[in-house]
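Just below is one structure, and these are the notes that go with it.
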Amino acid sequence: MILGLAGNQNCGKTTLFNQLTGSNQHVGNFPGVTVARKDGQIRGHKDVTVVDLPGIYSLSPYSNEEIVTRDFLLNNNPDAIINIVDATNIERNLYLSMQLIELDIPMVIALNMMDEVRANGGTIKIKEFQKQLGVPVIPISASKNEGVEELIDTVLEVAEAKRAPRRQDFCSGAVHRTIHSIAHMVEDHAQRIKVPPRFAATKLVEGDEPMRKALRLSENEIDMVMHDVTEMERELGTDREAALADMRYSFIESLCASTVVKMGESREHRRSVAIDRVLTGKYLAIPIFLLIMMLIFWLTFGVIGTALSDLLSLGITAVTDAADAGLTAYGINPIVKSLVIDGVFAGVGSVLQFLPIIVVLFFFLSILEDSGYMARVAFVMDKLLRRIGLSGRSFVPMLIGFGCSVPAIMSTRTLSSERDRKMTILLTPFMSCSAKLPIYAVFTAAFFPKHAALVMILLYVMGILMGVGSGLLMRGTVFHGNPVPFVMELPNYRMPSAKSVLLLIWDKARDFLVRAFTVIFVATIIIWFLQTFDTRFNPVSSGSDSMLAMIGRWIAPIFAPLGFGDWMSSTALITGFTAKEAVISTLAVLTGTDVSNLPQALSTLFTPLTAFTFLTFTLLYTPCIAAVNAVRQEMGSVRSAVGVVFYQCGVAWIAAFLVYQAGRLVAG
Amino acid sequence: MTLDRLKIGKSSKIVEVRGEGALRRRLLDMGLTPNTEVMVRKMAPMGDPIEIHLRGYELTLRMDDAKKIVIEEA
Amino acid sequence: MSPVDLIVLLIVALLFFFAARYSWRHRNHSCGGDCSACPYHQNCDKKEKK
């Protein structure tokens, strides 16, 4: 049995899904976190699958989320719909319910946040309410897991009895007459494509293009439909879309007037408005936003992250030393020992020590998202991003880009326009991801110990400027056209749930560890192999005879105009393609030191100027293979992914070239 | 008068929603239908977009889009 | 080469094999964590079921 879970954004849909299935997802407050469908088995009912549909406000044909939901409900024949409705915001939530009812699928309304309504002096006469709507209504509190059992029982009962909504006619007057006459006219067509005639008629009256095409009406029939619609428009003095929206809201208003005792302004809402007086206030919004971001970055990269990182690094060194001593005691063959110590331990260890930084960053980002602050960021920053042809919503993916490009690129799914999405995908990798941070950390320690913070800020700013520049360039050329409507709900602030934040962190940590012990592990061994043997598989006496040195020398000329045409840095940049952390581990392996001594070793390879040029290139060049893969999936074509890679390498090379040449001029 | 000219903190009733396509449908779907009471809550720090209050919730939209919403004269 | 050398080598080789196999099998759905919110996590489930 399949159930569809449908509802608005920010109505607790994901929380209910977790309660129903017992599986755990990330609960976000930013409108549109739940973009793709998620499945889960209902607890105690293994044969019942719930599909978490995207959070939508309507079944219009304009956004992908709405189309996806509509297609699922019409084509996948779910046995019932659970429509979750936020009782504190009942009017707008019921607007979707009205359209779902027309689909003629067994349905139950889960009236969420009833506890909040009651706490603020409101009530809903449930019996009368469900009588007027014609579908069962179950009051629940998803976050407190109240009423969920009753909801499950009711849904199963309704689905088994195949009890469709008892009522579909919520309209009156001209709209009523028009829908009915068209419903009769298109009945055959609708049944052929297995769409309820009533739903087909409503969509036709609304002027829904996909429905008109799917029904394949004859020219004559289209004329008749248009005739009825024009007649209705004339009678009502308004157009078709407004007429239907008005019809639905009018019914909702009368329903609420007779069954809902409105609550006073809720405590949560008052609190939200009070918080917003500061957080989105005229003078404080931007300084506070910058402050929050600086605080997060400072805590992540300056205090907690690095302290934990240092601690972990000490542990790794201790383990490495112990392994080294053990292997020496057993009189192990020097090459085998080198494989274990220089290859595995040095390579994986150097990546592993950045785990705390990533965990801490994602901890803060998920709190921002779950609390509802990310939506405010979009509100505050919209005007800024509009200049480069995007909307405030693109700000969030870009912000996540500072953590990791991969989830950032994936989160562009929440953008409703293809154009905005592609443009954001292209710009996000310019936001320096946290995996590049180890590279900056090591290089600044080696070359700019007194100005480490300044150099890092400079790099971050350079990345942002390149992004803005690319945005302006793209806006005028590749991605012309109008941005999507920016009409977005600002949900009430909510306390992020510790469970969902911890789960998110665990997910990140696990993924990072998995990568360290798989991709990075494989890469370090391959690199160790390439640098330990020559082309005839004989062990080399000095690193410069190895296979790796050969490959490095082969591509080094490309980087010669940038000032670092030696084979070691070229090789490090190549391995950086597998994961940015690998740049450091490769340099460590190639220079034959561990990470703690790497800064000293690097000073023989680079001058401060070439070090900065190298950092510039690392900042801007193509992100890791995982990010490229995400680009491929989101853009939907290999060609555009390859295009992005070339574009970014090109930008990186030119920028690094300019930095190097300018630096030489200044230095004389 | 149009919504973009409504002063912060003031309320009015919607008369008509103009515009077309995805934007208009979105505005209607979000409950900006004729006779709905709207209040302008605030303006973003950079002067655009605005935050409005209607049907018990907060919505943000851009000035350009607010120009398409006709409201009753104060 | 002593037997200990061979044992160490064998362990590393085995680990390498499994790590490489895992990386290869997961090449198409690498992501930065947060798998439940990931639009592709369904693909993972499907493949595992098979």
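Glycine is no exception: its Cβ is also placed from the backbone N, Cα and C atoms.
All TrEMBL annotations are machine predictions without curation.
Taken straight from TrEMBL:
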BINDING   A:7-14, A:52-55, A:112-115  GTP binding site
BINDING   A:G22  Mg(2+) 1 binding site
DOMAIN    A:1-161  domain 'FeoB-type G'
TRANSMEM  A:283-305  transmembrane segment
TRANSMEM  A:344-368  transmembrane segment
TRANSMEM  A:388-411  transmembrane segment
TRANSMEM  A:423-448  transmembrane segment
TRANSMEM  A:454-473  transmembrane segment
TRANSMEM  A:512-530  transmembrane segment
TRANSMEM  A:605-628  transmembrane segment
TRANSMEM  A:640-660  transmembrane segment
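Structure coloured by features recorded in TrEMBL.
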{"residue": "A:G7", "record": "GTP binding site", "DSSP (3 states)": "strand"}
{"residue": "A:K13", "record": "GTP binding site", "DSSP (3 states)": "helix"}
{"residue": "A:G22", "record": "Mg(2+) 1 binding site", "DSSP (3 states)": "coil"}
{"residue": "A:D52", "record": "GTP binding site", "DSSP (3 states)": "strand"}
{"residue": "A:N112", "record": "GTP binding site", "DSSP (3 states)": "strand"}
When you measure from the Cβ of A:N112 (GTP binding site), which residues in the chain that are at least 6 apart have a Cβ under 8 Å away?
A:C11, A:G12, A:L16, A:I84, A:V85, A:D86, A:A87, A:I140, A:S141, A:A142
Select the most exposed residue of A:G7, A:P54, where exposure means the fewest other Cβ atoms within 10 Å, treating these as the binding-site residues.
A:P54
Are there any residues in the same chain, six or more apart in sequence, whose C-beta is under 8 angstroms from the C-beta of A:M114 (GTP binding site), and if so which?
A:A87, A:I124, A:P139, A:I140, A:S141, A:G147
Grab the same-chain neighbours of the transmembrane segment (A:454-473) for me: Cβ-Cβ under 8 Å, and only residues 6 or more beyond its ends, written as numbers and ranges.
388-390, 398, 402, 423, 426-428, 430-432, 440, 444, 448, 612, 615-616, 619-620, 651, 655
State the residues, same chain only, that lie 6 or more residues beyond the ends of the transmembrane segment (A:512-530) and have a CB under 8 A from a CB inside it; answer 'none' if no residue qualifies.
338-339, 342-344, 346-348, 351-352, 355, 358-359, 546-548, 551, 571, 575, 578-579, 581-582, 585-586, 589, 626
Relative to the Cβ of the residue listed as 'Mg(2+) 1 binding site', which residues of the same chain, six or more apart in sequence, are found under 8 Å away?
A:G40, A:R43
Can you tell me how many other Cβ atoms are located within 10 Å of the Cβ belonging to A:D52 (GTP binding site)?
24
Are the transmembrane segment (A:344-368) and the transmembrane segment (A:640-660) close enough that 3 or more Cβ pairs fall under 8 Å, when only pairs 6 or more apart in sequence count?
no
State the non-local partners of the transmembrane segment (A:388-411) in its own chain: residues 6+ outside its ends, Cβ under 8 Å from one of its Cβ atoms.
30, 32, 293, 297, 358, 361-362, 365, 369, 374, 377-382, 420, 423-425, 427-435, 460, 467-468, 471-472, 474-475, 479, 483-484, 486, 488, 623-624, 626-627, 630-631, 634
Segment-level pLDDT (mean, integer) for the domain 'FeoB-type G' (A:1-161):
84
Cβ atoms near A:K13 (GTP binding site) (within 10 Å, other residues, all chains):
27
Using a Cβ cut-off of under 8 Å, list the residues of the same chain at least 6 residues beyond the transmembrane segment (A:283-305) that approach it.
356-357, 360-361, 364-365, 368, 373, 376-377, 380-381, 399, 402, 434, 437
